[in-house]
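Asker: Just passing along the structure, written as structure tokens.
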Amino acid sequence: MTKILILYYSMYGHIESLAKAVAEGARGVANTEVTLKRVPELMSEEAARKAGAKVDQAAPLANVDELSGYDAIIFGTPTRFGNMCAQMRNFLDQTGRLWQEGGLIGKVGSVFTSTATQHGGQETTITSFHTTLLHHGMVIVGVPYSCVQIGNMGEISGGSPYGAGTLAGGDGHRQPSENELTIARFQGAHVADVARKLSA
Ligand SMILES: Cc1cc2nc3c(=O)[nH]c(=O)nc-3n(C[C@H](O)[C@H](O)[C@H](O)COP(=O)(O)O)c2cc1C
């Protein structure tokens, strides 16, 4: 079995929806075992509720010690000022020992994201995230142009060769479109396929 972890943080649920689509895509690849987990929240529950955060997310919390047990990790983070969110950064900053041990060397790493606006930093969030994955020795996988939805000029859409993405809107009202969900499913399937070949 190829073991895939989808590891995410989502404040308002957009990344959570994309994560489920990524998982669906990965599960479609034969002999793949998919696990969906979150990184811990850093805000107090009171502050999260006040900010309107989605506090009913069912995915269990991950811990850094389990990461080396997967063949691929697909990370999902909302954009914060063009970068990954603090919750994800904080989690990754606890992987020093894992880095020292080379626990992720040669494993597949991939990233998807969400922004409020069309040009709010999807590409910078994903490519700056890649720096951390490369320090860990991971093999970066994105979304190739054989996924025709990333070239869709008929509508506004998140998603790029760097990874799936959705546009939440300034007030978070917009939900992932079918085009964006298709890209997310493609990313899950593509990562699972590459990981299967690498771990064979
Ligand atoms: C502190 C903060 C910084 C943000 N920075 C950006 C940004 O740089 N660009 C952008 O388009 N959206 C930005 N957003 C909006 C979030 O990216 C958006 O709420 C998120 O993608 C929604 O995903 P979620 O529902 O999974 O939390 C920011 C939100 C917060 C709270």
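First residue shown is number 1, and so on along the chain.
Just so it is clear, glycine is given a Cβ too, placed from its N, Cα and C backbone atoms.
The following feature annotations were taken from TrEMBL:
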BINDING   Ser10, Met11, Tyr12, Gly13, His14, Ile15, Thr79, Arg80, Phe81, His135  FMN binding site
BINDING   Tyr12  NAD(+) binding site
BINDING   Trp99  substrate binding site
DOMAIN    4-191  domain 'Flavodoxin-like'
Asker: Just to confirm: which same-chain residues, 6+ apart in sequence, have a Cβ under 8 Å from the Cβ of Thr79 (FMN binding site)?
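Answerer: Looking at Cβ-Cβ distances below 8 Å from Thr79 (FMN binding site), excluding near sequence neighbours, one finds Cys85, Thr113, Ser114, Thr115, Ala116, Gly120, Gly121, Gln122, Thr124, Thr125.
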Asker: Using DSSP and collapsing to three states, where does Phe81 (FMN binding site) fall: helix, strand or coil?
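Answerer: Looking at the DSSP assignment, Phe81 (FMN binding site) belongs to neither helix nor strand, so coil.
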Asker: When a 10 Å sphere is centred on the Cβ of the residue listed as 'substrate binding site', how many other Cβ atoms does it contain?
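Answerer: I count 15 other Cβ atoms within 10 Å of it.
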Asker: Which site among Ser10, Tyr12, His14, Phe81 has the most other CB atoms no more than 10 Å from its CB, taking these as binding-site residues?
Answerer: His14
Asker: Across the domain 'Flavodoxin-like' (4-191), what does the pLDDT come to on average, as a whole number?
Answerer: 98
Asker: Can you tell me whether DSSP puts Tyr12 (FMN binding site) in helix, strand or coil?
Answerer: coil
Asker: I'm trying to understand the geometry here, so how far is the Cα atom of His14 (FMN binding site) from the Cα atom of the residue listed as 'substrate binding site', in Å to the nearest whole number?
Answerer: 30
Asker: Could you round the CA separation between Ser10 (FMN binding site) and Trp99 (substrate binding site) to a whole angstrom and send it over?
Answerer: 25
